[in-house]
Amino acid sequence: MPEGPEIRRAADNLEAAIKGKPLTDVWFAFAQLKPYESQLTGQIITRIETRGKALLTHFSNGLTLYSHNQLYGVWRVIDTGEIPQTTRILRVRLQTADKTILLYSASDIEMLTAEQLTTHPFLQRVGPDVLDARLTPEEVKARLLSPRFRNRQFSGLLLDQAFLAGLGNYLRVEILWQVGLTGQHKAKDLNEAQLNALSHALLDIPRLSYTTRGQADENKHHGALFRFKVFHRDGEACERCGGIIEKTTLSSRPFYWCPHCQK
């Protein structure tokens, strides 16, 4: 499943294609959304927001389209009039004069009013988004030490969207490698230096992945600015200590780590 950085980059691409342009045609696959087709035609998309792995597409008439890709959903941008070659099932089409955005295969799609946004079950449950620039390491540290989360093992906590939205498995293993901790630790057992390091890494690594993954700087990094240190690298040497990276299963997900330098 895509994690927060990938969802945010997808939202950026959608915004770049149609934000601020009048919608010339709107189509929904689900019957409960059909009444909104005429209501949205002629409106503009004012912004596309991410809440972890959910997208909120805000329209100028005050409505918001909530969508969660889950495992199979995917958004695409095409030129208006183009017919995509795909076997995926179309769920949403939002069209402007020159660009069209399409949502395929997703099933978790709703139209919300401003009031419903404040009471939506997923949005109520989800924690602060790691890509929200307003979120600080100090706030993350306070959240780690809160009664709700301080006694949770990191193996499960870092996958829980109620803790911090946008984290997922590759971010979980990369963050824990960065701070030299295993997944069995709990916040209540860390010293001050470890807490501070983890609080920063929980924001720094997702934000680095969002801003630089896939980009290259051959002069400085000899490759991608964001590179996996342990994810999918079992059997390889750890670049920090030379130990061999191992793979196991924690919280029902593949977990990659270096037993030599992660304690």
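Cβ atoms are placed via backbone N, Cα and C, with glycine included.
Straight from Swiss-Prot, the features:
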- PRO2: active site, schiff-base intermediate with DNA (ACT_SITE)
- GLU3: active site, proton donor (ACT_SITE)
- LYS53: active site, proton donor (ACT_SITE)
- ARG253: active site, proton donor (ACT_SITE)
- GLN70, ARG125, ASN169: DNA binding site (BINDING)
- 229-263: zinc finger (ZN_FING)
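All features noted in Swiss-Prot, drawn onto the structure.
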residue: PRO2; record: active site, schiff-base intermediate with DNA; Cβ contacts under 8 Å, 6 or more apart: ALA10, LYS53, ASN69, GLY168
residue: GLU3; record: active site, proton donor; Cβ contacts under 8 Å, 6 or more apart: LYS53, GLY166, LEU167, GLY168, ASN169, TYR170, LEU171, PRO206, SER209
residue: ARG125; record: DNA binding site; Cβ contacts under 8 Å, 6 or more apart: GLN161, ALA162
residue: ARG253; record: active site, proton donor; Cβ contacts under 8 Å, 6 or more apart: LEU159, ASN169, ARG172
| For the recorded positions LYS53, GLN70, ASN169, which one has its C-beta crowded by the most other C-beta atoms within 10 angstroms? | LYS53
| said: Taking only the residues in the zinc finger (229-263), give me the average pLDDT of this model. | reply: 96
| query | Is ARG253 (active site, proton donor) helix, strand or coil when read with DSSP? | reply | strand
| request: Helix, strand, coil: count each for the residues of the zinc finger (229-263), based on DSSP. | output: 0 helix, 12 strand, 23 coil
